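*Asks:* Dumping the structure here so I can ask a few things about it.
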Amino acid sequence: MAHPQQLGFQDATSPLMEELLHFHDHALMIVFLISAFVLYLLVAMVTTKLYDKYILDSQEIEIIWTILPAIILIMIALPSLRILYIMDEVNDPHLTVKAMGHQWYWSYEYTDYEELGFDSYMIPTQDLTPGQFRLLETDHRMVVPVESPIRVLVSAEDVLHSWAVPTLGVKMDAVPGRLNQTAFISSRPGVFYGQCSEICGANHSFMPIVVEAVLLECFENWLSFVLQDS
């Protein structure tokens, strides 16, 4: 999760988020080099008293400053398109979870199992135990197995919401009457936090998302416990 005074992204816990971080660093380095080069040209033009009439009117320079930006745009566009295709692909998911947004809580339904669903409310501040995070903890977590493709079907019952977990690289709008889907693979066990990322009303900041990734054996034990309890 995010830490105080953190300047960068959260640590990636999915292959998709790792690709997004690599693309961010790639694009940021290009922007930094272009900014440094333009700054150098501005300082050079302001400070120098020398000029060359062949530089002021040169077809070669015009060709360079037309082709070079096109090459830079291609260097940015190709990795971007690759990531867009990766984000849209949902290949043979091992588990499907339906996340439904309400005012102001989430409900989850494991569609591969009969009658397995629950509501997820934020834990009030006065009920938190030591070690829990304020405004981020929920009474029921979305539990998924690690290293397994998980498909999440996202919708809403009343107004616009957005199901987002930054460390997994997942953000999908929840639109009433529309069923959107996204997918992720958790590369390691852990508890990952997110929040509704659409301004959905007065309690918009009080409907957190908690995804707990566990080993497959632990997930099966959790399933058997929940199914017996229901």
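Placed from the backbone N, Cα and C atoms, the Cβ positions cover glycine too.
According to TrEMBL, the protein has these features:
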type     : residues : note
DOMAIN   : 1-91     : domain 'Cytochrome oxidase subunit II transmembrane region profile'
TRANSMEM : 27-51    : transmembrane segment
TRANSMEM : 63-85    : transmembrane segment
DOMAIN   : 92-225   : domain 'Cytochrome oxidase subunit II copper A binding'
*Asks:* Run through the domain 'Cytochrome oxidase subunit II transmembrane region profile' (1-91) and tell me, per DSSP, how many residues are helix, strand and coil.
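*Replies:* In the domain 'Cytochrome oxidase subunit II transmembrane region profile' (1-91), the DSSP-based counts are 67 helix, 0 strand, 24 coil.
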*Asks:* Checking distant contacts: for the transmembrane segment (63-85), what same-chain residues at least six beyond its ends satisfy Cβ-Cβ under 8 A?
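*Replies:* For the transmembrane segment (63-85), the sequence-distant neighbours (Cβ-Cβ under 8 Å, at least 6 residues beyond its ends) are 16, 19-20, 23, 26-27, 30, 34.
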*Asks:* Could you give the residue numbers and ranges of same-chain residues that sit at least 6 residues beyond the transmembrane segment (27-51) on either side and whose C-beta is under 8 angstroms from one of its C-beta atoms?
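*Replies:* For the transmembrane segment (27-51), the sequence-distant neighbours (Cβ-Cβ under 8 Å, at least 6 residues beyond its ends) are 72, 75-76.
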*Asks:* Helix, strand, coil residue numbers for the domain 'Cytochrome oxidase subunit II copper A binding' (92-225) per DSSP?
*Replies:* 19 helix, 60 strand, 55 coil
